[in-house]
Amino acid sequence: MNSIPKQKKQISLSQFIIEEQLKIPGASGEFSALLNHLVYASKIVAREVRKAGLLHDILGSTDETNVQGETQMKLDQYADNAFNQSLKICGHLCALASEEHEEIIPIPSGYAIGKYTMAIDPLDGSSNIDTNVSIGTIFSIHQRLEPSSKAPGTEKDLLQKGSLQRCAGYIIYGSSTMLVLSTGKSVVGFTLDPSLGEFLLSHPDMKMPDSGSIYSANEGNASYWGKEVQDYIAHIKSIEGGKKPKTGRYIGSLVADFHRNLLKGGIFLYPNDTKSSKYPNGKLRLLYEAAPMAYIAEQAGGMAVTVKGERILDLEPKSLHERTTLVIGSKQEVLEFLSFVK
Ligand code: AHG
Ligand code: MN
Ligand code: MN
């Protein structure tokens with residue numbers, strides 16, 4: 001008799017979340033349910049990204065600008081709606097912040113108020129949408145300051161430092177769709193199987209190589225950078241003494257640039273403009289870009305600092321859309337950068 005071929009054991013994200021929940025005595029399941037709502041919305045966005053340009057009029061920009069004065073793309077708005085609709089009524093959040101909304105998004109009346117807050121960049125890499133280049137979503141979850149409170153959450157609940165995140169992660173809509181997250185124990189990656197509509201565990205324990213040969217920065221801005229950053233970049237490109245220069249790779253979507261460097265090793269820099277008034281504090285937003293990526297980086301053995309050398313996870317956010325400089329990547333590379341900081 002023919003035996004049934006052995007099937008490789010595949011763990012879905014839903015299974016993984018249940019197993020993880022079982023390891024925490026007394027866990028209420030609230031956090032697991034919150035993640036499930038996030039995952040559901042991410043599948044809706046992934047579906048739309050995959051067929052952008054085909055059936056729907058989803059490419060291109062809208063006539064609107066967001067709170068930061070940036071033109072909103074149609075897909076920015078679509079993703080923002082998909083995540084908001086799913087998350088604000090899920091019963092596990094007390095407040096939600098999104099790149100696309102100036103103020104916090106309250107929980108609609110009649111819906112349960114939970115003990116978590118989420119800050120989200122619904123669509124990261126907007127400038128790449130129309131050109132079929134990888135884009136992403138970034139999220140950061142904190143527990144509210146008074147976990148037992150049933151009152152609506154406030155801005156204070158969201159303005160907590162990155163080191164206090166309960167979970168952070170991103171979704172990359174690339175050659176495949178992947179969800180990478182950490183709850184503070186390790187970094188795990190799941191790949192969306194489009195035929196099942198399920199994220200399956202594909203990267204059980206992601207570690208960033210201790211060093212790496214890739215550097216990622218928008219060098220078009222190099223003349224605006226401070227001297228320390230300019231000196232560091234000149235150093236890693238130098239061939240003095242037979243040194244091999246690093247390899248430049250820059251996509252312009254933080255999620256995709258970070259994901260590549262997480263797998264291959266390297267460093268990503270978004271410094272501030274010291275000679276123009278465009279981004280005096282850097283471009284990336286602390287709450288929903290820098291802090292969640294820094295959390296993943298550290299959990300994977302990497303580091304994340306500002307151009308002044310401060311640890312990103314120690315920064316105390318002062319406002320929802322505050323910007324920061326970001327230097328993030330393999331430990332040895334970030335340490336080398338720090339040796340250039342006065
Ligand atoms: P968003 O699309 O969410 O506004 O973020 C864009 C960010 C980030 O993804 C990327 O690293 C950076 O902007 C790219 O900026 P430049 O085009 O200035 O290089
Ligand atoms: Mn972004
Ligand atoms: Mn965005």
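Every residue gets a Cβ built from N, Cα and C, even glycine.
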Identity of the Mg(2+) 2-site residue among GLU240, GLU289, GLU298 (reference: ASP121, ASP124, source: TrEMBL): GLU289
Site-mate of ASP124, GLY125, SER126, SER127, TYR250, LYS283 for substrate in TrEMBL, selected among ASN84, ASN218, ASN221: ASN218
TrEMBL annotation, Mg(2+) 1 site containing ASP121, LEU123 - matching residue among GLU70, GLU99, GLU146, GLU155: GLU99
Binding-site residues whose CB lies under 6 angstroms from ligand 2, from ASP124, ASN218, TYR250, GLU289: ASP124, GLU289
Per-state residue totals over the domain 'Fructose-1-6-bisphosphatase class 1 C-terminal' (208-340) - DSSP helix, strand, coil: 56 helix, 22 strand, 55 coil
Neighbouring C-beta atoms (10 Å sphere around the C-beta of SER127 (substrate binding site)): 13
Extra residues within 8 Å (Cβ to Cβ centroid of ASP121, ASP124, GLU289), Mg(2+) 2: GLU99, GLY125, GLY136, THR137, ILE138, TYR170, LEU254, VAL255, LEU284, ARG285, TYR288
